[in-house]
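**Student:** Okay, handing you the structure first.
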Amino acid sequence: MRAIQYLRLALLTLTLGLAALIRPAALSAHEAAMGVLEFREVRPGAFVGRWSIEPSIGAARVDLRVPSHCFLRLPEMNCGQQGLVGPITISNLGSNMSVVLIRLIPIEGEPRSYTISTANPVVTVLGTDAPTLEAWIELAKTYVNYGIDHILLGADHLLFVLGLIWIVGGGWRLVKTITAFTIGHSASLAAAAFGLIGVPERPLNACIALSIAFVGVEIVKQQRGEIGLTARYPWVVAFTFGLVHGIGFASALAGLGLERRLLPAALLFFNIGVEIGQLAFVLLVLALIWAHRRLDAFVPRWSEALPAYLIGSVSMFWFFGRLARMFAAI
Amino acid sequence: MKLKSPRALMATAMLLAGANAAEAHIVAARLGDFYMGAMHPLTDLQDVVLWTATGMLAGTLGAKGRWLILVFPLGLLVWLPFGSALGAASTQLAGAAMMLAIGMLLAAAAQVPTLLLCALAFAVAMIRGAANAADLRPETDRLLFAAGLACVGYGAITLTMALTAVFKRPNSDSATSWRAIALRALGGWVAAIGLMMASLVLAS
């Protein structure tokens, strides 16, 4: 019994050491680096630009390319009689600056927003007030890709889903659990995006880390033969924590300042992207579980606790890191 | 007509072999260095053919192959820090030689001992780990790239072995079944691609 305790302590130390090696920047990679640039039309075809949210790399380093008939020297942009119509791109998008929202405020008509992202680096300004079919297609392309990127870069969301799969196993129970998680995060994503609920981002991120630690503890309980809450009511746990994770997803949209008439569609496409990414991850994990069973390749008994401790340790590392950031901001 | 097929095959092989890591770098810009590490080997013909052949060889050998789940990702990581130390030509030649050897073993339906299988897989992983590392840029986060590479190595080898084991059906012991013959034929193709690649490297 004592040997097992020593082993667990050693595993915990090892995983904490490994987690400490990973730089915090890499762990919070899914918190997209974004910027918002506003262009206000002061006379027909002439705009004044202003960064309302400056990207982390600095406004001066953003390489913005506008249609060839436009002359740009920030803060001024002059497009002449043709007006601002044509492709806009940023050539140096990357992990330091993954999303930039361009907001156009014309003299007449409603403001329009265009999102340039690493997934969709060129947007076309159409110049009409009513969204055309091309505008809808562009919106779908942008936000489906953005949703996929967000879930694939969200190691915390994926680790939570992995923990759920670990506890629930396969079959209908897994389908129900993942569906409950999807319903939960879709509902809170919509509520947060429409401003019905609002939770500060930093405490929320700390809560998301704690939800993964909870799943880690539930795995250990299951391995000891105890029936935990997740094993008994997996869909309840998945739905509840889905609500928390959904607000986290919404934070990716919140900073973009989308105009209200486009928000429902953007939200729908973003959610579809998140689901595509999540489904791909679940299918990959299930394929690997199937492959291990087929090959009779299982972790040795002495190391059965390792994955649960790894999940728990990494999540607590995130939790303390995010807690520290939360207090540093106060 | 007979001459055209090998030429077309060779041209395709050259085209695919020439596909550089541009796609992976686009992935890096979009999703970061972890996914760049995961996507990088999938954009190189040598990686795709060698990894698949290694997984297939291990899959035909049954339970012996499961050691590769650990050995292969470890091999990918071992040589990663010294990637640029080996020249591109030497990694290409070593890769082609391994392709030829594994293809021939697969074609001969050889009962390779566990230790030799692990040594082969480790060698393949080391060579390809070095080749992948050679394309690293100074600004790439090596830790994330290595993690992505090891993850895709683990996933690819595990899935290929399992799929091969399912395809081969271990309960049907007939060595002359069409499934066994299909695997041996694929082994012959792998050996042929290896031979062509080795010739190309030596000729250039």
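Glycine is treated like the rest: Cβ placed from N, Cα and C.
Whatever TrEMBL says is automated annotation, not expert-curated.
According to TrEMBL, the record shows the following:
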TRANSMEM  A:151-171  transmembrane segment
TRANSMEM  A:178-197  transmembrane segment
TRANSMEM  A:233-256  transmembrane segment
TRANSMEM  A:268-290  transmembrane segment
TRANSMEM  A:302-320  transmembrane segment
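Tell me what's around each of these sites.
**Tutor:** Same-chain residues lying 6 or more positions outside the transmembrane segment (A:178-197) and placing a CB less than 8 Å from one of its CB atoms are 161, 164, 234-236, 238-247, 249-251, 253-254, 263, 267, 270-271, 274-275, 278, 282.
Tertiary proximity for the transmembrane segment (A:233-256) is limited to same-chain residues at least six positions away from its ends with a CB under 8 Å from its CB atoms, namely 30-32, 34, 36, 53, 99, 101, 113, 115, 146, 150, 154, 157, 160, 164, 167-168, 173, 176-189, 191-193, 197, 199, 201, 204-205, 207-208, 211, 214, 218, 266-267, 270-271, 274.
Within its own chain, the transmembrane segment (A:268-290) is flanked in space by residues 139-140, 142-152, 157-158, 161-162, 165, 170, 174, 178, 182, 185-186, 189-190, 249, 252-253, which lie at least six positions past its ends and keep a Cβ under 8 Å from the stretch.
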